[in-house]
Amino acid sequence: MTGKQVEEMKVEPDSRDVVVSIDQAKKEVEEDETRLIPEMKLPVTKDEVKRDFGVEQDEVESLRAKFGANIIKEEKRSKLWMLISQFTGTMPVMIMAAMILSGVLEDWIDFAIIGAMLIINAAIGFHHESAAANALEEVEDQLSANETVQVFRKIKGATLEVDAKVEDLVVGDLVYIRAGDVIPADGEWIFGDKLYVNEASLTGETRPRKVPGDDKRRDILKGSTLVQGEGFARITAVGENTIMGEASAAMNTGGKVSSPLEQAIQGVVNLLVGFTLVVVFFILIVQLAIRDASVRDTLLSVTGLVVASVPVALPLVVSVTLAIGATTLARKGAIISHLSAMQDLASMDVLCSDKTGTLTTAKMTINLAKIWVNEAMKRLSKDFRREDVVELAALCSTLENAKKNEIERSVFEALAEVKMTMSRIYDSYKCDGTKGDVYHGFNANVKRTFCTVTRNKDADAGLPEHLKITKGLLTKVLDCNDPDDTGDVKWTVLDYKNVGPHAKQVDEDFGKSGYKTLAVGVDMHNEGPDVKMMMAGILPIKDPPRESTMETIKNIRAALINVKMVTGDHENIARNLAKDIKLGQNFLVHEDLWPASAARNERVAKMDGIAQVTPKDKHEVVAILQDRGHVVGMCGDGVNDAPALSLANVGFAVPGATQAARNAADIVLTEGNDGKNEGLRVIYDAIVISREIFQRIQAYVLYRFASTVLIILFLAILTFVFSENFPTLYVILFAIINDVTVTPIASDHVVGTKGPSVLNMFTVLGLSCVLGSILGAQTILTYWGNPFNMPNQSAEEVSTYLQLSISSQFLIFICRTEKPFFMTVAPHWVLLVACVVAQLVVSIWCGFGVVVETSIPVDTIVYIWLYSFAGLLVSDFFKCEFYHLSDPVLYPNYYYSWMFTLCSKKATTDIEDMEEAWAVDFPERRTLTSAKRNLTGFYIQRGHVGNLTQKMKSRIRNSIRKNENVRMATMRAVSAMPYKTAERRDTMKLATL
């Protein structure tokens, strides 16, 4: 598992306990002399490293058998405990209490039926929970499949590089690590750049530790993050034998942490259960103390009421829905690291997108024909060519990095093209540790690499004996004598006053043409350690946008999410790409972020993108947007992006991101199984899927709360007003059947909201009370008014039970959408069949007198179905009105527009009728809350334009086209505004108008 657990997350122990456990483990290791790293002669060249270190491929299995796999085992719920837990929740305990009470009162029929329903409920719950666990395990496997490490093993006498899973590492393996990697196992530094390792997750120390340090320590610990440097390391301990493994075994992990969504739902559940207990208390007082009713009947009645008030399948539906959503996202190429992130993803209204690899293909190529060469280099060496710039850049790169770094890869691909003609520099030099040569890798702080190389013995003696080479960001290659620069070697290029402005102009011109640039500098002098760097040239690198980027940005903006580009590239490059993908040209740069001010925050909110950013800038942009009330998504790939990814509501680790970035992110983006869903399209798919998931959860929560209000209202009025008890068996059957049969809603066909999805529990609770009250009144009317002319009390109770069951089952189809239930996508056939079959079974029970006390006529059953359907229509109408009153902009008055279409006196066939219809609305300038708002617009949206004259159709089309640009501009302005403000609502009205 990586940083953020996939599900069943455990409470993090107190940080002091973690440090104590780590320190204790380290002390035990130090006391164990067999575990100390022995003194050894370190290699001085890369060739020596690969020759003397690494394990034989044939010995891997025996080493794994001896030292174990590189896995720290986690406690998982067994299938047996999962089955037992189906009988330990609040609902099962309530059902068992009712069953025991029935047995004590010798009501054996109820006892048997309740027991059977308890077992059936447990079986269904076990099946769904097991399926959810399997789905989450699949997501975990996909997440861990992305955790690989470069390993060098000896195969048939040759040392070969392989990509191995982290869990497959063995003691003795030679690995190559770079900035951004999470150390995969305990090991020791062997060769390479100086490393700076952050061990905060292990020891609590936030300052990175240098390896090798002044104390000669070369050990690196599993779980720590490499923030700077790169090099070779040898694995010394794996899995539970590492310090992290021993500390994990010593620590006591806590219980499960609930997500904000689950906590909000649980809060309303507690409110309903609390209200139920208050009703139960008054029922006991009234029935036993005042009316002197039967203790047996009263206890059975209140037991049934308590059972019906507890949402039996709510935790199951939420967990299964999220698990199914997680697997769907994983197949689309978005691996979610913890399920609670889906709530923020559905609510996201601003996306700060990375450029490279997200908006672009990240398949970089160097344009050899456009390489710029400094004229001073030609004066120094008359035969200096543009190809020499490529060779110098390759000498300052490593083949180990080329596999995971696109810029390094493009350099070596360009080198391969150069070698097809003539190569004179690259093969003549090498970074030779025996001669004191060094290599300093790239990191986000210094933004360059630096190396020294020595001429080979068999090379042309006319070449300089030593070279000092750098490559990276132009400004850092020209001058890195900034006090804030943390690089070990610093310089200002020779003749900076002349070459600096010219090189910057060339760089700017490349940017305007859409090229990234890689500056190269070289010192050909041999006078000691002083650096006399000369600007050698600039490599133009093309990184084209993805074909789907422009369309995807359009779709994301249509979903009311504002897209902003956040890139470290030059402003001209960012603007050029933004022009190609129609993102916008309102760009800021690093300098615009500082100093902080209210005007600065306003500019950030309205910008289309920001260029030349540092990791600190990314963090600041996220903080500014969050302070303005936005739910922010942020893309990143490097170790220094981790703070911004952690701060963002939804952090996306783009393909190729470092392990540190993936650990900090909520969602890890991959290419996807189909190879097509890549870049920003994966994020858009994730947004759509998360909103659908949110819609399913909201539908069930609304359904279950409304059902609870219905049954509480009915039973309370029956007791207090009519002084009667409803059979407990019917109440329990109602609660179990109607709950279990709607669990397929976890995979229902739904349409997500057009804008960010926010589960407003006050709205849910309010609408639940409205729907529950309407259906409760209908059920009271059934029982009290006896509209079906039932001959006796038992028949009245059976008919009421049937009507109660059918009406409540119909309720799920109302709750699936904010629109009228017949104006949305059809439900999944499993959900439809489950609900219909369940109610047909209940109807058969009532028709034949099975399970229930007596039978009722078939024609009465048919009437009850029709009566319940009428209640469905009435409830659906009030649902739409409730949504419309809560937010007139987002939810139009669907029923009125639909009835207008159906009840029109005649088809609109000519221009006069159409103009008359428009005149109903616009002369009075009614607002969106008016009942007759833009009826003709709804008429057109519903597709009833077949009978219009050609002239009228043309007029409508022209009117729509004329206002489309204004509307889209207004919608973009809306997405930049803080969520749920008066300004945003007013602007949304203008956009709709």
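Numbering starts at 1 and runs along the chain as it is shown here.
Placed from the backbone N, Cα and C atoms, the Cβ positions cover glycine too.
Keep in mind that TrEMBL annotations are predicted by a computer and have not been checked by a curator.
What TrEMBL records for this protein:
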DOMAIN    38-107  domain 'Cation-transporting P-type ATPase N-terminal'
TRANSMEM  80-102  transmembrane segment
TRANSMEM  108-126  transmembrane segment
TRANSMEM  268-290  transmembrane segment
TRANSMEM  302-330  transmembrane segment
TRANSMEM  701-722  transmembrane segment
TRANSMEM  728-746  transmembrane segment
TRANSMEM  758-781  transmembrane segment
TRANSMEM  829-850  transmembrane segment
TRANSMEM  862-878  transmembrane segment
Proximity verdict for the transmembrane segment (80-102) and the transmembrane segment (268-290), three or more C-beta pairs under 8 Å: no
Contact between the transmembrane segment (268-290) and the transmembrane segment (728-746) (3 or more Cβ pairs under 8 Å, separation 6+): no
Surrounding residues of the transmembrane segment (701-722) on its own chain - C-beta under 8 Å, 6+ positions past either end: 265, 268, 272, 275-276, 279, 282-283, 286-287, 301, 304-305, 308-309, 311, 313-314, 731, 734-735, 738-739, 742, 759, 764-765, 767-769, 771-773, 775-776, 779-780, 783-784, 804, 807-808, 811-812, 815
The transmembrane segment (829-850) and the transmembrane segment (108-126) contact flag, 3+ Cβ pairs under 8 angstroms: no
Intrachain residues whose Cβ lies under 8 Å of the transmembrane segment (108-126), provided they are six or more past its termini: 82-83, 86-87, 91-92, 95-96, 98-99, 102, 312-313, 316, 728-729, 732-733, 736, 740, 743, 851
Positions on the same chain near the transmembrane segment (728-746), where near means CB under 8 A and six or more residues out: 95, 98, 102, 109-110, 113-114, 117, 120-121, 124, 128, 300-301, 303-305, 307-308, 310-313, 316-317, 320-321, 324, 696, 699-700, 703-704, 707, 711, 715, 797, 801, 804-805, 808-809, 812, 816, 828, 830-831, 834-835, 838, 842, 851-852
Tally of DSSP helical, extended and coil residues in the domain 'Cation-transporting P-type ATPase N-terminal' (38-107): 42 helix, 1 strand, 27 coil
